[in-house]
Structures are given as C-alpha cells and as structure tokens.
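Feature list (source: TrEMBL):
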type: BINDING; residues: B:8-15, B:33-37, B:52-55, B:112-115; note: GTP binding site
type: BINDING; residues: B:19; note: Mg(2+) 2 binding site
type: BINDING; residues: B:22; note: Mg(2+) 1 binding site
type: DOMAIN; residues: B:1-161; note: domain 'FeoB-type G'
type: TRANSMEM; residues: B:274-293; note: transmembrane segment
type: TRANSMEM; residues: B:340-365; note: transmembrane segment
type: TRANSMEM; residues: B:385-407; note: transmembrane segment
type: TRANSMEM; residues: B:419-445; note: transmembrane segment
type: TRANSMEM; residues: B:451-471; note: transmembrane segment
type: TRANSMEM; residues: B:513-530; note: transmembrane segment
type: TRANSMEM; residues: B:550-571; note: transmembrane segment
type: TRANSMEM; residues: B:640-660; note: transmembrane segment
C-alpha cells in the first residue's frame, strides 16, 4: 500500500457535487460549512488512507479519506 | 423569573462565556461535546436564570446530546435567546442563528472570540449585521473577559424592556413558500398556534428535523404529516439550506470591511506542523500521554499518595484506635472502624492525588485544544475496529482508572460507538490491578516480571479490540463510521478553568469513597467477622469462608485451590485494590513476604497466570459498574457488562489453565 497517495493529492479544489455522499454525512458537512461550491484547501494526508485535514473558510477540519474522495469526486 | 437560553455551535467558547456571565461555574473544555446536558446558572448580580445548552450546529439533531437544544426550545419557553457565535466562523455559525431568529423569541447574538477575527484581514460592521438580522449584536472575547460586561448589560436591558418579538422572514423559493404558507395557515386555524411558531415549525418539519417530525406525530398535526412525502420528494431540505446560505453570504458581504490585522498569529499552524505531523503525530501523542502518566503515577501523584497513606495508616489509624479505646468502645465496633472503614475507605482515598493529577493533565489537554488532535492521529488505528479517533482517548485514560475512562466517552457523538467504548473500557488494566500482579509475579515469575505484567496489559488491549470488533458486527455498526472533527485554535490553558475542570471531574470520586466504597468495605469486614451464629474471631468460620468454600468448585477448573482466593476475588468487585489486602487478611498474614511464600504451595506458574488473566478481565469494580449505569442510563447494560466480562474472564482463564495443563 502506498504511504501517501500522490495521484489523489490536490492542494486545492472546489466541491462540484455532493450527490455521492449519504444524507447524514451531507448534513454534518453542511454544519461545518462545506457545501457544493466550497473552496477546499487540503492541508495534510495521513498514511494508509487515514484521515485528511482540510481547511475551509479559515477552519481546519479532519475527516475520513473516503469522504474526502467523495468530495473530490466531481473532478 | 426571566430565563435566557445560551445556544451556539461547538467550539464557540459558549461555556466559557456562560461561566463569565453567571455566578455558578460549569465545566469548560475546548473539545466538542463537553456540555452533555443543559446547565443552569444565574446572571451575575441579577435573578435572571441562564441555561447553557449543548453546542449544536443546527436545530436538526444528529446525536442524542444535540436533541437537548431543540427539545428545550419546544418545551422550555425562554424569554431571550443568547446566540453565541465564533466571530471568525460566522458563515456557518449563522445557519443556526437563522433557525433561532425564525423561532420568534428575541435573540441577542454574541460575536465571541472576536480577537481571533481581529487577527484576520476581515472584520464586520455590527450595525449592518444588526439591521439585516433584525437583532442586537455584541462583540465579546470571553477568555479575556472583553465585552462580557456590556453583553450582560445588554441582556438585562433587553429583559426589562423586551423588544417586540419579530421573527426573521427569509423568502424561500416559491414552491417552498407556498407550502409554508398553506401549512402554517392551517396550523394557526386548527391548532391555535401563533403565526410565527407555525411558520418556524413548518420550516423545521420540511427540513427533515426528526424531533419536529415526532412532535407533529404526537400532536397529530395533519397539515404537516399529509404533505411530508411531497416536501421530501421536492427536496425542500436542500432548497431551504441553499436559500439560507445565500442570505448569509449577502448579509456578510454587505457587512464585510477590510481590516488591518493586529498581529498575524500563526501559532496554531506552527504547533500543528509538529503535533499533527503524519509521521511524528503518533509518537508525539504517545510521549504526551507517557508524560501524563509519569506525572500522575511517578512524579507528583504517587509521592503525595504515599504521604496520604502514611498519614492514614499511621497517625489517623492509631489516633482513632486510642480514641475508641479511651471511649470504651466495644472491640467489635473498634475493629469495624479501624480495620474496616479507615483501612478500606482510607486505602481507596490514597489514590486521590494520582487521580486528581491525571484529571488536571486531561483538563489541560482539553482546554488547550489538543484532544481533537489526539483523536485525529489515532483515528486510522481505531478505524480498523469500527470505532474512530474519539474512542481512543477514553481507552488510554482507562489505564489510569476505568471510571474516568468511561466518563471520557461522553465526547463520542455516535451512541453505538459510545456504548461499545464504554463496554470495552473495563478491559483496560487500571492502576488498581497492579498490586495483585506484582504480588504474583514476585512469587512465580521473578526473572520475567516486567514481561509477564506487560503481557497481561496487552492481553487486556487485545480482548478490548476483539470485543469492539464483535460488538461492531453485533450492533451492525456501519463499516465506516463518520469521523469528522473540527480542529479548534490552540489556547493557552487558563489556570482557573483547569482547577475547576479537575474538581468537576474528581469530585465524583470523592463522593463515591463516601458512599459505595464505604458501604462495600463495611460489608466485607462484616462478612469476614460474622457467621450465622454471630461474631467470630476465627476467620475460618466466617461467612466469607463459607461463601468462599461454597464457590470453590466453580473456580477449581481455573486451578484455584483455596477458599481464601475465592473470597478475595469476591472482595475485588468492590475495588480491585482490595484483592491483595483481602488475601493478606484472609490468610492471617501480616505482610506480603509471607504471602508470596504461601503461594508456592497453592499455585503452579500456570495456574497463577490463569488467575492473573481472570483478575484482569473479570467483573468491573463497583465504581466502574456505577459509572456504566450513570453514563448509559441503563441497568441492562450494567448487568450485561458484569456478566459478559465474567464469562470472558472465566473462559479465557479456563482455556489457559486447561490447555496449558496438557503441555506442562
């Protein structure tokens, strides 16, 4: 397994769609100010597809790699 | 009496503000979920009641903790809402604000942590915000008390002269608006609601708020229930969210002003570069917790404990003895007080310094904002057993004391994960179990002491992880739990908050020493000094001996051959510390050296190890069971925890002894 997945790495991206994400997670993301159109800065990845630290509107948030992938998904 | 309700997102400094505003102090932590239930206080120099509600992101609850807020709005009837916001996170904080403004009760908004905002290059014009939101705003910074007095005056002024309740009306998309108007009109006509409340209720109902949906069912609100499928099919929830967001962005754009930053503080980012480093994060976490245990058990806690122990077993015990003798107390009563209560309760109280130092360390970690980072760096490990990073902290704390570990599970949002963490916590080998380990390893494994003890600790962890995995499957927990956590700005811990936090956490332990541990100690003393025919001087004829002999056949397959061991194990349910002292009492020895020699005749190394495994895993102590009851609110789970851990302990010890016997 790769330590850090470079091909998935983007330092900055815009959330195009949140359709793949389940309702509860969408609500949690909305609560933290992440929605379609949000500009997200990727701060840090953890090894073995561990959590990803992102920054939205000055706020740092850690979330699971799977959710990060779904957020990037639109690309 | 007038009531003010405090509502706001997590990490807005809401509880700090509550403490600054009120006379009574409530617990504070820079970590999501610290306020687990509503707390009451009175506004300083007034009789106005202030209610602190758990931090919520919206009125639509995701966890059980969060539902307290919406339940309170429905049934609490506050006169004024104080909406605490994080000034530098206004965009998402205002989502909750809108829901509160729509409710119709007068709202005052506190732009808290204003100092953090002033460090950015953006600021907001308060009059513009007030005009757009139709409510008062006050800038505060609760940690250094800035603006708190003005906010308090504002609250008092608003309550003495209540502003007319004007609910905020945002215009939602046409279809949504039509739905709201239709339903609200019927609710006003048929159910006698005020127009504002009817509108708010309808919007919340459309927004898939499960508490409101249940409320509609309970009150038979047909206008809403009938239309539910239509609302959901049209995805009104999303339309409402988008409209609100647009409204917030317009409002903030209108109020936004350029700001010259006071000082560009990058402190949080600098610390995080090390503390949350993908490679170094985990080792740093281990070092921080190692230091915490060193402080609690080596550097500060244990010396203090030893001092307290010397005081209690020396002057206090002797003093009580001679006082009772001079008063002419019955020998029976004297023995109960000196050998029972002072030795037993005192023995447990000597752990107080260690526990308080541990709590102080945990309070510092919480108040500084580190706990969120600890959850982050351990998340990947916990993911493997279906838990998340937020479960790791309680388990680590459990090495000190299972009681505090279980109390720390409050920070876990998902109820199932919280329950699982609670159930596996007792398998963490707490410090109270160490004395009995050291007794046995000294007798049987003199050459490999550390290794054997370490293997017991790791066995505890292994059992905990395996059980977590089993519960994950049994409770049908989704394979991927949603780990999502805010990383708040670091704060320099404030000594008064640390002291208060330490006391709030530790006072329960002191209280328990006076109740459950006291009761347990008296019970054990009575059992070993009474028979069915009255007081006995020979412990062999006591009830404890009868009970031990009666249960001995149960323990024989584990390699236990004497009733004293069985009785000592029973006393261990009161508190694990008691096992070794019970053995000393029951075997009529004065110290541990003689006991170690006796063990050689009673055990083989194999049966000794099997017994240690049994002691590691069997029924949690009374305090832990009481905590499980308090935290889960369920007698069923408490009994389950006791029974299941006994079965696991028995099974594993049985396996080790029986299988081992085949080879040795």
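Placed from the backbone N, Cα and C atoms, the Cβ positions cover glycine too.
Features as recorded by TrEMBL, highlighted on the structure.
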| residue | record | DSSP (3 states) |
| --- | --- | --- |
| B:8 | GTP binding site | strand |
| B:14 | GTP binding site | helix |
| B:19 | Mg(2+) 2 binding site | helix |
| B:54 | GTP binding site | coil |
| B:113 | GTP binding site | coil |
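Taken together, the residues of the domain 'FeoB-type G' (B:1-161) have an average pLDDT of 86. Note on the transmembrane segment (B:550-571): residues 524, 528, 544, 578-580, 582-583, 586-587, 602-604, 606-607, 610-611, 614-615, 618, 650, 653-654, 657-658 of its chain, located 6 or more positions outside it, place their CB under 8 angstroms from a CB of the stretch. The residue listed as 'Mg(2+) 1 binding site': 23 other CB atoms within 10 A of its CB, across all protein chains. Taking CA atoms as the reference points, residue B:11 (GTP binding site) and the residue listed as 'Mg(2+) 1 binding site' are 19 Å apart. Ranking the binding-site residues B:8, B:54 by how many other Cβ atoms lie within 10 angstroms of each Cβ puts B:54 at the bottom.
The residue listed as 'Mg(2+) 2 binding site' sits 14 Å from residue B:54 (GTP binding site), taking the C-alpha atoms as the reference points. Note: the CA-CA distance between residue B:14 (GTP binding site) and residue B:22 (Mg(2+) 1 binding site) rounds to 12 Å. Taking a C-beta cut-off of under 8 angstroms and a sequence separation of 6 or more, residue B:113 (GTP binding site) has the following same-chain neighbours: B:12, B:13, B:86, B:87, B:88, B:141, B:142, B:143, B:489.
On a Cα basis, residue B:8 (GTP binding site) lies 17 Å away from residue B:22 (Mg(2+) 1 binding site).
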